[in-house]
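Reviewing the structure listed below.
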């Protein structure tokens, strides 16, 4: 039974790992992976002299940290607010709406985002011109691009990310709330002293995991939204690998960049997992 | 809960959540309106939440000139075949891994886990598919992603919660592993199988990157790549550029055509959404942190 999955795993997971050898070689497709000559880590030496790589590394960390700072707490707040809604039908409908964008690809969502921020037809510029301003080309603006990334990231994921918190909240023993009411607690007291502490372990676990994937700044989102005018602030490691490898065909160098990211990434993720394991007695895997 | 009065907080909370929901839905609605507009209506769209006239030219255009029909069939093909393959392989791998009597169980599990944490990455993946001669093949979209370790681990964990007593009595009756799997394990694991099937189906329906880098042949494009092409072919400074002659007397913008393509592409997801969402919700609970 395991044979078919293991063969596919060997070919399509371990095969590309073998392909990583080209990061250490002067790869020429004609010679193939084995025959291409070793090049004494030239690609990795080049890495830290490459202005574009440094820029991509910097942008990756900035975008990722901003997302952690802003997109991470958003679903927690949303879940807390939704948890206070007592009209069940309203709660259900708004929650269903909130995770609709999660099920769309960034290609689809980007096609919508481009229209919302369009200088000619977009609603944002409609309001700007209504108040006498000039239309702004948001997606081509270095200062507006990152806020758009963060805002649209929240739009896509807030509802889905809130599900886990809402589920944790609904499993809180109602006796706790009743006891608190006896003691004269109002709903804000209950939120701060019962609800938030109950979801705290979940918040901490998800937060550490999120920190572990800090090098993933959102490849799908950025590749579909960015353009050369905003590369300065928007080009991340993954989009750089894509352009260097598949548009400029520097297969070996792009592989080296990707390998660098993967190695640092796995250290961070294993580190995050180790912290959680220590904190909560059971890890994620 | 005892009856409490509707406070100021409730008022603001409900208002805020309502506004939030409108913001979430607005881009979808704008796309719908654009898709049913022509160039003239689109260019003074502003706050219009309702087209003055619902015109179907953009839809007529994509169905008569584009590859949309072909793309639809290709997307359905990869979704149906790809999902079936993922689910089958997930079940086949999860069952042995869930059994304590599997020889070298830990080693094999670690081999799977390594593949979840570490990968060759974009370029080695691409070169492998190229060297296997799978470029421009529909199988390039299905085979490399067929084994999903994350799904396997989730399903394995679920299988491990199933009571061993039933299995043992089946073994007494002379059942082999395949019979146990198909007759006992699979029927008892329907919720997790449905959830993984839905995840896989959404993945295949939405997947665009492999379709973009592996497929050049127009007869094998999927819906996502068609939308993607309409997204990048536009120079951001000339968004208003007219996409072509349009249909009959009506002029269309690229925006109208793109909006219609988007609506057509997300149609199935939106239609299935109300029925499938409880499985997704269950899925996130099963998938999250079940150590």
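Just so it is clear, glycine is given a Cβ too, placed from its N, Cα and C backbone atoms.
Taken from TrEMBL, the feature domain 'ABC transmembrane type-1' covers B:72-275.
What TrEMBL records for B:7-29 (among others) is transmembrane segment.
Marked as transmembrane segment by TrEMBL: B:76-95 (among others). Remote same-chain partners of the transmembrane segment (B:76-95), defined as residues 6 or more beyond its termini with a Cβ less than 8 Å from a stretch Cβ, comprise 112, 138, 141-143, 145-148, 151-152, 155-156, 158-159, 177, 181, 185-186, 193, 196-197, 200-201, 203-205, 207, 222.
For the transmembrane segment (B:107-127), same-chain residues at least 6 beyond its ends with a Cβ under 8 Å from one of its own Cβ atoms are 93, 96-97, 144, 147, 149-150, 152-153, 213-214. Summarising the annotation, TrEMBL assigns transmembrane segment to B:107-127 (among others).
Feature annotation from TrEMBL assigns transmembrane segment to B:139-159 (among others).
The transmembrane segment annotation in TrEMBL covers B:180-202 (among others).
The annotation transmembrane segment is assigned in TrEMBL to B:257-276 (among others).
The stretch from B:7-29, B:139-159, B:257-276 with the most CB pairs below 8 A to the transmembrane segment (B:180-202) is B:139-159.
Long-range contacts of the transmembrane segment (B:139-159) within the same chain: residues 78, 81-82, 85-86, 89-91, 93-95, 97-98, 112-113, 115-116, 125, 128-129, 185, 189, 192-193, 196, 199-200, 203-204, 207, 210-211, 214-215, 222, 286-287, 290, each at least 6 residues beyond the stretch ends and with a Cβ under 8 Å from a Cβ of the stretch.
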